[in-house]
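Enquirer: This structure is in structure tokens; I'll ask about it shortly.
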There are 4 protein chains.
Amino acid sequence: MNKPNQNSIIILYDKEKDKKHILNLATLPEKYSTANGIIAKEKILNTDFGGRIETHLGYEYILLPATLYDFIMKKLNRLTQIVYPKDAAYIILRLDIKPGDVVIESGIGSGAMSAVFAQIVGEQGKLISYEKRQEFIDNALKNLKRFNLLDRIEIKHRDIAEGFDEKDVDAVFIDVKEPWLYLENAIKPLKNGKLIAVLVPTTNQVSVVLKEMERLPLIDIEVSEILQRFWKTNPDRLRPYDTMSAHTAFLIFARKINY
Amino acid sequence: MNKPNQNSIIILYDKEKDKKHILNLATLPEKYSTANGIIAKEKILNTDFGGRIETHLGYEYILLPATLYDFIMKKLNRLTQIVYPKDAAYIILRLDIKPGDVVIESGIGSGAMSAVFAQIVGEQGKLISYEKRQEFIDNALKNLKRFNLLDRIEIKHRDIAEGFDEKDVDAVFIDVKEPWLYLENAIKPLKNGKLIAVLVPTTNQVSVVLKEMERLPLIDIEVSEILQRFWKTNPDRLRPYDTMSAHTAFLIFARKINY
Amino acid sequence: MNKPNQNSIIILYDKEKDKKHILNLATLPEKYSTANGIIAKEKILNTDFGGRIETHLGYEYILLPATLYDFIMKKLNRLTQIVYPKDAAYIILRLDIKPGDVVIESGIGSGAMSAVFAQIVGEQGKLISYEKRQEFIDNALKNLKRFNLLDRIEIKHRDIAEGFDEKDVDAVFIDVKEPWLYLENAIKPLKNGKLIAVLVPTTNQVSVVLKEMERLPLIDIEVSEILQRFWKTNPDRLRPYDTMSAHTAFLIFARKINY
Amino acid sequence: MNKPNQNSIIILYDKEKDKKHILNLATLPEKYSTANGIIAKEKILNTDFGGRIETHLGYEYILLPATLYDFIMKKLNRLTQIVYPKDAAYIILRLDIKPGDVVIESGIGSGAMSAVFAQIVGEQGKLISYEKRQEFIDNALKNLKRFNLLDRIEIKHRDIAEGFDEKDVDAVFIDVKEPWLYLENAIKPLKNGKLIAVLVPTTNQVSVVLKEMERLPLIDIEVSEILQRFWKTNPDRLRPYDTMSAHTAFLIFARKINY
């Protein structure tokens, strides 16, 4: 048996329309109204994951546990461009993020990358997120709370021009408009030998970041972009979808040395 | 201060040639011979990460901590195609792997994906790896031991046609030649509502996997491929490298339901 | 001076909205109504290409000659998927099409590829287009007439299962649902040593075509796909557009031998 | 019957090694030595295209007519980066090149793009190629002569800073290091409403070209890059090749207006 509990984030999956409705049981009303009839919260709590739930009109949904991926793609309230899963995942691996790590990011954006960092560092780890705009903090907080990740995130309402408080963190991630202005500050809290990642959407920004990095004690610089192409799932007519995302961002990684 | 210890995996980075030499201090001789002279292990243990180390001939290396990424790309002894970081990272995120998770994979290959799973599930988590070829097990063991990840990996020398022992695992990853033969078995140990990932290099295999998936209690199927394009780091002549990897594998994800 | 004539295909380019309106002067009414006011045909005939034309309401358009590219992308009435310029162009070069060449294609689709073949073979060359569906012929004829290319195209209303009439043509292009059924017929009219191209959207089709090609006197087989990524034109924020076409078709080329 | 003549460019195709040897019969010795034995020129002249030719040692080649594509990819002597077929083909279509057109290019490079222009404009058309380095002219001349395209090409040994002689040409193509310096000159010979193409390898160059284009009477600007991915031809294990070209150049197109 694997049932949701009062704090679960669940999916009601509409198989017919291939559509996912992501819900937080903690805030769900006792009678939840779908477009196809009402479902009692009680009923959801008594159904195994992977099982069917019918509305009072007999419309069928499948109950699934929501993954962080579902949450980012379908439920996150976006005030900004988000870091996409293909990029977020590579950033995690390339920055060598592990359970227990302490990571700094700035800014918080809509909280997508924050959520991924928080999930991977786990309960023993910590994400410190610097953000200067209160509206972004408020929105991201709401997003991260929904996915029960707030316990391991500390948000600092601060302009990073003023510097960072931490020392000896395992990784730093910078996703702001003019990252070159803050790079010198951003590598100070980083352990020697560890990596910083910078995400920018334009080639002009890549050039300025690279120029600034040349000036700083950073080596082993990598610039890349990641493209993901989704394919249709008809086995007899296998082919990619007609369109794809052509660009999200350029990813820049560098390693801090001590001289 | 952030120095290596007797068990650290370190990089001697040759900045001039932009080349990384990855070493395990646990097995390093007291006098290590580089192509440019000798370095005493003692000297490495007494140098901060991010610092310079000179050989007895005065050639300079930079001491860095090795990341899992470095290890996979530069040090893994390969008997098979490996799962590349761009793919491995996305698999982690898409399968919703977290610290503490229990994951099954088959086969073990050269241990690249195993290493990533093991790093992310952490000390509280566990990877069970099924593999029928002893030579792959031996090689992967050696690889994983080098990176100090063996404590959280259990290897089972077994043909998965005979089924899996586990129950209620958080994710399953299948990377074998004819995955369709084992899918029915492979989803049995999986918690309801959780995801399986299948990796195959050819479109013919994608088609057969999709056909088999249609027959099984699996929904929400996704097929994609990920391309990573690296760029040269000259800020004044910014452009991609001339060549790139054109293909590693197709990634297929599906979610288990209970009917 | 470079003015349109009574048969010109022209563009009224709305610079403000970056939108092209493609018009055939041969069929344009004396008073043409735009969304922003009326333009007299007379006025168009008396304006140099590259010059401004105002409607009676003072809205400004720029008069431009329409290229075949404009025509295919903006004006072609589509009953089918068209062959996109990136693919059509490569097919021309790979099939070695030159002025004066005689080319066979089947089917005619909406006439996009036909138009490109017709333009490149020129007045001395010829395109013979086999098509079994009358509605496609009617639509393509209308499209090709609009761009004044009909003089060098011969359309045959025929199922290619019945074979081809020609001998010693310079190139053959096959764009039908089950090309493998007709390949043996399709290479008969082709000069020895010359090339056939096959266009298919799915990998299943690629596999069957390749299998059939192995059986036939064809060598030097090439399979590829072409991706075009458009970039935004802001020099200070240079980056690709957010989305792109992920797939149009796989292109297969082979060369006929005589044994 | 379709035999080579004294001026044919032919391929001896080594099927076993999938290798093409491109030869110009005009300059071929009476006894041609392959790596696998001698072939008499006489024998080549008496063999139909698509037929077998054996060396005196019994090694088999297939006789094929060389296409322009073969010539560019296998035979062109390269002193510079060439314009690749995927790009060259799109440039032809996007610039709307037709038989009979008059086209200007600068520089001549190794003559790859020149050859494509020359083939498509045909005998009635003309390519005028400006190049300031004598060594490039000499090399390109040799290349173009080999493929019998010199009759329709005029080469001008000139720095384009001095301007162009022509008027009312159908298209202009610029492939030089600092194209922004010459754009104002380069559009002068162009018919109003017609297109110019600029090819550059770096994003920095794209930005400067775009800035200069904003200043000039140019509209309808397009920037793109074209990627071609080749697939292996095994129908039962269909998949892309492992590596691909990641970048050749950015292609910029714009249209001239008269104010």
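Cβ atoms are placed via backbone N, Cα and C, with glycine included.
Please treat TrEMBL annotations as automatic predictions, because they have not gone through curation.
Among the features that TrEMBL reports, S-adenosyl-L-methionine binding site is placed at A:GLU131, A:ASP159, A:ASP175.
Explain the structural surroundings of these features, please.
Expert: Under a cutoff of 8 A between CB atoms, and with a sequence separation of 6+ in the same chain, the neighbours of A:GLU131 (S-adenosyl-L-methionine binding site) are A:SER106, A:GLY107, A:ILE108, A:ILE137, A:ALA140, A:ILE155, A:LYS156, A:HIS157, A:ARG158.
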Enquirer: Max Cα-Cα distance in Å among A:GLU131, A:ASP159, A:ASP175, the residues listed as binding S-adenosyl-L-methionine?
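Expert: Maximum Cα-Cα distance: 13 Å.
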Enquirer: Determine the minimum-neighbour residue: among A:ASP159, A:ASP175, listed as binding-site residues, which Cβ has the fewest other Cβ atoms within 10 angstroms?
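Expert: A:ASP159, out of the binding-site residues A:ASP159, A:ASP175, has the fewest neighbouring Cβ atoms within 10 Å.
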Enquirer: Looking only at DSSP and grouping its letters into three states, which state does A:GLU131 (S-adenosyl-L-methionine binding site) belong to?
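Expert: Assignment for A:GLU131 (S-adenosyl-L-methionine binding site) reads strand.
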Enquirer: Compute the mean position of the Cβ atoms of A:GLU131, A:ASP159, A:ASP175, which form the recorded S-adenosyl-L-methionine site, and then list in sequence order the other residues of that chain whose Cβ is within 8 Å of it.
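Expert: These residues sit around the S-adenosyl-L-methionine site: A:SER106, A:GLY107, A:ILE108, A:TYR130, A:LYS132, A:ARG133, A:PHE136, A:ARG158, A:ILE160, A:VAL176.
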Enquirer: Under 8 Å Cβ-Cβ to chain D, which of the binding-site residues A:GLU131, A:ASP159, A:ASP175?
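Expert: Near chain D - Cβ to Cβ under 8 Å - we find none.
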